[in-house]
Every structure is written in C-alpha cells, then in structure tokens.
Amino acid sequence: MEDRPHKPHRPAQSGSKAEKKGKGKEKAHGFNEKAFAPKSGRRADRQGRRKVEKDQTRLHVPLVNRTPDDEPPPVIVAIVGPPGVGKTTLLKSLVRRYTKQTLNEAKGPITVVSGKKRRLTFIESNTDLNSMIDIGKVADLVLLMIDGSFGFEMETFEFLNILQSHGFPKVIGVLTHLDLIKKAATLRASKKALKKRFWTEIYQGAKLFYLSGVLNGRYPDTEILNLSRFISVMKFRPLVFRNTHPYVLADRLEDLTSRELIRTTSGKCDRTVTVYGYVRGTNLRQGMKVHIPGVGDLDMKSVTKLGDPCPLPDADSEKRRKLSEKKKLLVHAPMSDVGGVVYDKDAVYINVPGSFTRGNGDVPQGEGEQMVTDLQDAGRTLDDAVAQSQIRLFGSSSRHLALEDVHMDGVESSDSGLDDDEEGEESEDGSELGSDEELDEEEGDAEVDMEKLRSDPRNTGRTTLRDVSRNIPSSSKKQREEIDFAESDSDLGDEDAEDFGVSKRARFGDEDEDVDIPSDDVGSDLDDEDGAEWNPSSSNLPHRRRRRKDWMKLIYSTSLTPEQILSHGGESEAEKVNQDEGDDDDFFRIKKKDDLSRGEELDKTKEALKEQDLKQWEDDDMLESIRHLFITGESNLEETGAEVDENGEPYEEEGGDFEDLEAPDESPEAGPSSSRDDTETIRAANLAAKKEALKRRFDEEYDDPEASKLDFYDEKKEEMARQLQLNKAEFEGVDEESRALVEGFRPGAYVRIELADVPCEMVEHFDPTYPIVVGGLLPAEERFGYVQVRIKRHRWFTKTLKTNDPLIFSLGWRRFQTVPIYSLDDHSIRMRMLKYTPEHMHCYATFYGPASLPNTGFCAFNSLSGNTAGFRVSATGVVLDIDRSVKIVKKLKLTGVPFKIFKNTAFVKDMFSSALEVAKFEGANIRTVSGIRGQVKKALAKPDGAFRATFEDKALMSDIIFLRAWYSIQPRKFYNPVTSLLLSNKSAWTGMRLTGQVRHAEGLKTPLNVNSTYKKIERPHRRFNPLVIPKKLQAELPYASKPKLMKPQQKQTYLQKRAVVMEPEEKKAVALLQQMRALRKDQVARRKEKKEGKRIVHQKKVDKEEAKKAEKEKEKKKEHMRIAGQKSKRQADLEEGRSSKRRKT
C-alpha cells in the first residue's frame, strides 16, 4: 500500500470552488473588468446599439403642457375594480393617510393636500360601464384593484380597453385579498402569474402593489405609506384630447330653480343648476357650449371663479398651521360626511352623533358635547348677560362695559367685516356652509328692517362703513405692511397707538393748504382678525367700502377735479348705487328711476372739438419738439442728438415709442426739452436691445457650440418652453378679470358654473356615486354630420357586427347610439359597402353624429347593461380625416334574358321596366353567363323595358344576361344620446333595439315571405348537337386537323373467331398447373385458419388485461375526485360570506 504512488492534486476547473478561487486571484492581481473595453468588437457594437435604442425609447413626441405650474389643479386618482375587491377601504385608507380623518361614507370626489405643490382628488368608480367610461376620460392616475385570490375579472379588461381608446393615463395595479392564500408557495406563484399578466396588458415593468390584509377597517399603514409616496412623486404626461379640451369634474351640485316654479309645475320643469369644480385641460371660456355625459349638451349661463376650498400651503397658511392644530391638513369632500357635514342637492345636513339631551347623563361627554348641552339650559340671551355683567375692559377703567342699541349698519360692519379668507376658513374641512339662496333670504330680511332702524332716534350708531386704514404721518417713517395682533393689550405697545388717525396729505397747484387723501386700500388687511376692531380711533374714521377704488374709472371716465377724486366727494348717487349693486356682500337696493329732467344727449361717433384744445398747436416750442418725427424734419436729427446710421438715416425701432401729445405738461418748467431727452433715451435703449438681439442670434448660429448639439427633441422642447414664457410675459400685467375675458379661466381655478335648461330628472335622480363631468366642446364639435372612422371589431367580442345595426359609441365627451354603415376601400376607386365587419381586419364605418377632430379615439358597445354576459367592448377605432368622401356604394346586379337573337345582336327583356330606365343605362357593359361581353344600345318600342344589345359573339337563347352596377347609399340620420344620469336606475338605459329583440320581447314570429324561401332547383340535362364539318372544308384541311372518325366494328376479326386445339403434352401441362394452384390455395386457407385461432386466443388475453387496468383506473379516479371534493369544500368554507356571482375570463 505504501509503495503505490499517490495521485497528483488536480485543482477544480469549474463549480463554486473554482469561481471563489478565481475571484480571489483577480482581486489579488488588481483585475477590474469595468476598466477594460469589450474583447469582442462585435459585442461592443451590439452594446452600443443597445444603449442608443434604450435612449430612444425614453423619448416621446413633445407635447405642450397647458397646466400652469404655479397652481395646478388637483391630480385625479381613480380607484377602479370589480365589486367586492376593496375599493372603498383603499379610499378611506388613503384619505386617512393624508388628512388624519376617517370617512364614514365616501361619496363623490374627495380632494386632499398631499404636498407643497400637489393636491389629489380621489374618486371611486362603481361597476357601471357608464361610470367607467367617464372616469377613464378624466383620470390622471388609475389605481387598478385586482382580487389576488380570484384573479383578473371581466370589468378589469373592459376598463383597460376603454383607457386605450380615450388616451392611456398612468396605471398602478393593486393586489388585495392576499391574506386568503395561506401557503407561501401558492402566494408566490399567484403573485408571479398576476404580475406577468398585468405587464402583458399595461407594459413591461408596470408598478404593482400588494395589500395583505385589513386592520381596523383599513389596510396596513406601511403599505399605504409606500403607495402614497409613489403617488406623490409620479409625473404625468399631457394627453392629446385633454390637452385641447377644458373639463370640470363636479364635486358639488346645487339647484337654483325657483321653489314656486317647481311647486306649480309639480317638479316637471327645466332647472337652473350650478356645479362646482376645478378647471382642467385648457382654458374654460365664457359662452362655450358644454356636454355632461349622461345628460346632453348644455349652455353655460355664467362662470364665476371662487376661492380655492382646498388651497395649496403657502407662508400664510403655514403660520396658521402652527397656531391651530385642527387646520393642519385639509380635505374638501362636499358629497361625503367630512366633519359631520353632508352636502345634498339643495341643503346642508349636520350630523350630530349620539344624543345631546340633558336627560342622557350616563353617556360620557367631551368638551364640545358638554358645551352644546349647556347651551340648552341658557335662560337668557348673551345680550342680557353682558348688560347685567360688571366687566371692565382694562384694570384702570372707571366704568364697566354697557350694551347699547346698535344701528344695523354697525352690526353689519362688525359681523360682515370678515375677509374672504376668513369666510373660507369658517369650517374645518374647507366647505362652505349654506347656499346662495339662504344668503339671499337673509339679506332680504335685513333690507326690510332698514327703514325702521334709520327712523328710530335711539339708533345712534355709525351710518357709514368704518375705515380702519393706517397711514404714515411723514415720509421718514416706513409704513407697516401687516398689523400685529397680540394676545394681550400690552403687547402692542404705545408706538402703534400713535399711528392711528393720521392720514396722507397732498397739495394741488399753487394752493397753500394740504388736502387729506384717504387710503385707496380701505380695510383690505385689517379685517382679517377680530383684533382689528380694537383700534383706538376706529369709531372716528369714515366708514368706507372693503374694496379698492377704480382709479381708471375715476380719472378717465369722469369730469371730477383731483381734489374731488381724492376726497371721495365727486361720486354721484347713481355711481354709489351701481357700486352697491355690484357688491355681493351688501343688501339689495331699490332701483331708482332715471332723472328725466336732464337734457337728451346727442348720439355721436366723434367727440366735439373745443376751441381751447386747439390753441396748444400754436405754440412754436411744442411744434419744434415734434418736428423730427416728420419727413421734413430729418435735417435736424443730428442737431437734436438722435441716432443715425452711416447714411444719415434715422434708425427705425421695432414698435417705436408712444408719446401722449395731448396730455398737459405737469410742470411748465419742463418744456419740450425734457420730452426730447426722454425720447432720445428710449431710442438709445431700443437700439442697444436690437443690437444685443442681433449679436445673440449671430453667436447661436456660428460661435455657440452648445446650440449646434441640440437634436430635434431638445430643440422642440426648448421652442415650447420659449413659447410658454412668451405667453406668460404677455399676460403678466393683466388683472384676473380681464385675463379671464380674453383667454378664459385657466386650469387650476375653482369655478362655479351655472347651467340653464337642465332636465329635471338630473336633479331628482342625482346620485353622488356617479361622476358628473362637464366637458367643454370646441366650435367644430357643436355641428353634426356624417363621420367617417376606421373601426375594428374587438377580438374578444363573440358576435360579428352588421351594417345598420344600432351601436353605442363613446366618442369625445359624448356617448350616443347610431346606426353605422361599414365599407371597404375598393382599390382607391370607390367605398364599397360591407354587410358585416371583416375578421381580424380594419374597415371603414360611416354614421351620423357630432363632428370630431381627426385621430380621436373611440370605443363601441352593443349594450351598456351590466347583465350582458361576456365581453362588452365590441369595437375600437379612430376618427379619420374630415375631408374624406362619405359616398358609399353597394353592388347591384340586374338580370335579363334574350327573346330574339341575330348574328351579334340580341333583343333582351326582363331587365328594365320602362324605356326611361333603359335610357339611363345606355352604353353600360353587360355580360352573359358564358362570358360573352356586350353593351346596351337602344330601347325598343315593345315590350316595355326591352332593349337592343350587341355582343362579341352570337348569344344563345339559354343565356342569362347580367348588368353589374353600383348603387349609392347614405347612412340614416339617427342620433340617440345616452341619458343614463336622468334615470333612477343608472344602469338600466336601453336605446333602440334590433327587430329580432323586439319580436322576442313581444313574442312575435318572424314573417315568412314565400318568394324568399329556398327551393330545390331542377335543371334538365342539356343535349348538344355534334360538330359537323362540311366535306369540302375537310378536303382542304391538313391531315392532322381532319376529323378521324371510324364506324363501329360490325364483324369479328380472324383472331376473334379462330378455334384453339391443344396437343396432349399441352393438356398435361395445363392439368398439372391447375393441380398446383389448387394445392396452393388449400395450403393458404389452412394457414389462415390456424392464424385466426391464435389471434382469438391472444385477443382474449389482451381483453382480460385491459379489464384489470380499467378497474385500477376507476379506483384511482374515485380517489382523485374524493380529494378534489374535500379541497373544494374547504375552499368554500373559507370564502363563506363573499360574493360568488362573478364573471371570470
């Protein structure tokens, strides 16, 4: 054993050990694979191409994002899924995550603030197909919920196909009910299969979240936190249709119709309705026609911009946030029960949980509930309590507070002194308490008592609005921008008290005395808090309106002196009344009659010239100052110092400068020299700017290396950014009202839209779980006509679509039913009608409906009912160009038979019924069954409809003659909008039905036309005469072409009739052969019999084995079915209580 040689050690060449050792050696030698180029040139080329392809897949067609960046509208997050999948639970969990509030009942849009620059509007979609279509058109982000324990369902695939037609937004998948899967391996396999299918439908790498179970009615906080973080950082790309149409997702609806009109008409009258919501898409202009899906086209009576009920956080709100913890997070959900406040269609309900009666003392009460119950025991009012109290405002006060009779104006000023910001913060959830009608009633009641209060001598309060403006006594002191409010009186100090009561002063002309100038911004900043009422001299200040004066109107539209304008003394009573009527916060005023004693003013298109206005043109200095502006004044350019080029020509600026020559000089000392200096300065600045622009353009073209590197994508993005900057600069100095008149209300504005002539059923059957989308219509979309689209039947829809069968289209904002005609382009010659849509191929469809822009996607349905079995999306497609021809033709075959035949001419009958019809078809091509072509010539006198026709060859009496023509058809003018929101049961809308469906519902039989039944066709056998060639022609033919015709054989030949006599040897040989054949035949028969016996024995053995095998299979199948039954029984026990009525794909 010891003398045997040992085997040498062979190190491992492969496997984990070799890899470990190899890595160690590479590290020891300092090998870095990233520091070296690929060893293969082909591989390097492949890697380079792959990198370029990845870069190109990132790029997309640049689109202009019309949403403003400063205040964008809230992002619409739609939660979609089949019933019982957990949509409401997810909605409540997300709202709880953002607002720390728990919703008892989530209905309608719910807007929350998710960050510094982003708000989210959550909306839950029910399983009605109409709701899924509407939400698919407006949603920016879709949370697609899938039951992980069940799989994909039909509603999920239908909604994805709707999204593909109307512009695909961002989609995030959410898997729920994963806690029902107990085994880890099964859970892993289910997640993998569902993710693969989800990626197939969306795109590879689509985000999919997993929600395990439900804790305390919500999903786990960590999982919701991960989902909310992903939502908050998601970027959205503008979609084409939404980027060209304004729309509003209504979060509140009110009926403004007169109650008396509703009562007299029993509710069956058109209503005036207001809807509230954020503008999205593009600008919403006044007078634009709108469409509400499910209701129809409506006219906007007015559009008003309101304060944002759910504003983005700013510096001011952040300060308030520190003071009040209740205003930490904001939620705006008028249709839900946020904070116990529920908005109905015409009222506001405050839900008070529990009992607030004094007898219920067993229930523990909080501080707020205790206050409510204490108010029930109040024996006297607050006025009486204050009047009998001994409250002193300051410790050094000699008298206590006393309650006096206060004039109504004073009450109004103290009560209504809140600013708009404070009014918007009255409720914690940001909602507005009360409606417009309630405010009008209150104002009406207050107006009734005005005269009584004024005539009462005891009312000694102020009769004008108080002015609480603070002004500076001199220019040396800096005006304070805000008012400091303190918790105590001593915090403000004595310095602030000295500033009150001091006003601005101005001096006019040569007067020696100064004139008091009241502040133009009266009460704009001081009414924000209640502390403003404690100003020392607030009772002595004049009572002004809480709005700025219109300086433009006062200066240019009146003939007042500057002293009257600044002292408010020149306003006429009519102007004051107009201002009172324009202010929404004041009472209604009785409109006074116009003063008819004034002289009638003449209707003039030009203002009359006054003689004193023309005297200024006699001043030589003034004429000399403008001489260089004319052609005759060029010689003085260089003397005045104006800019000239090398030719002595004056430079021409873009746009020039404007000089108001008619305006009087402010100071006589300035004279024409000062205006000339200003003109020269402006001209020099314009020239410098022009030179700078030319230099920049030259540098971009020749010197700037970075500009030459811009590709098409970057160039387009830079161009769009430049255009947006120009648009922003154009409207920078324009106020909000003028800008709204010019360009409409921008996206992000919270508006109130008043709609007239709304069907009463919309208000009566209003359901907040169904979304209300107010979509703006472009001018081209208001007209109706024939629309041509490219359509394809969906591959999952089982039935073939037939021409002139009603189909429901979802096109643009509208949903309507129409009857399309399908056609195909026949070699670019004609549009040939198709009776049915082709299989797996696009075709054209033409129908009557609203005009839409080209490339607008649509989807079609045969029925919107939820009871329809199978896939409901029947077809998808896009709108084609508007200028395409809509002339559709179908094939028409006319048949006739000849009744008289000549050499190449025949008389044909039974094709037309009159000579007039023949005249229309003169020159038409005809053809016989045997393929002989011909032409229609002239009509015959008798019989009616017969005509003469010529053919290439002689026609036969048995031939049938065809005339193939094309007949033009037009689609039926049928347009039936889907008015699902006008029904009490929104999913029960039914449009026009097929004839077969009507007969089935009515129990009618299909009428039978005798001429339309198929009959057995019996065609007699035709006998043709033989071809006869004249003998004279046969003699001239060559031999190969001569007919070789032989008579049939009459006699037997020699070989047939001769007798055969065999020799004796031949007879012996024939007998021997016969014997050998007989033996062979017998041998074969015996062998076959023996083989058959063996086969029968073998078959019996095989049958016996098969019987045993079948018995074993039967036992095995029984055992398998027993185990499967037990498994299904356990599964049914686990799923007890869940809905089993589901449609599985």
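Backbone N, Cα and C define each Cβ position, glycine as well.
According to TrEMBL, the protein has these features:
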COMPBIAS  1-10  compositional bias 'Basic residues'
REGION    1-69  region 'Disordered'
COMPBIAS  17-32  compositional bias 'Basic and acidic residues'
COMPBIAS  42-58  compositional bias 'Basic and acidic residues'
DOMAIN    73-237  domain 'Bms1-type G'
REGION    409-546  region 'Disordered'
COMPBIAS  417-448  compositional bias 'Acidic residues'
COMPBIAS  449-469  compositional bias 'Basic and acidic residues'
COMPBIAS  484-499  compositional bias 'Acidic residues'
COMPBIAS  510-532  compositional bias 'Acidic residues'
REGION    560-604  region 'Disordered'
COMPBIAS  570-579  compositional bias 'Basic and acidic residues'
COMPBIAS  587-604  compositional bias 'Basic and acidic residues'
REGION    633-680  region 'Disordered'
COMPBIAS  636-668  compositional bias 'Acidic residues'
COMPBIAS  1083-1122  compositional bias 'Basic and acidic residues'
REGION    1083-1145  region 'Disordered'
COMPBIAS  1130-1139  compositional bias 'Basic and acidic residues'
Subject >> Distal contacts, the compositional bias 'Basic and acidic residues' (42-58) - CB-CB under 8 A, six or more residues away >> reply: none
Subject >> Tally of residues which DSSP labels helix, strand or coil - the compositional bias 'Basic and acidic residues' (1083-1122) >> reply: 40 helix, 0 strand, 0 coil
**OP:** Summarise the model confidence on the domain 'Bms1-type G' (73-237) as a single mean pLDDT, whole number.
**Re:** 90
Original post:
Mind checking how the compositional bias 'Basic and acidic residues' (42-58) divides into helix, strand and coil residues in DSSP?
Top reply: 17 helix, 0 strand, 0 coil
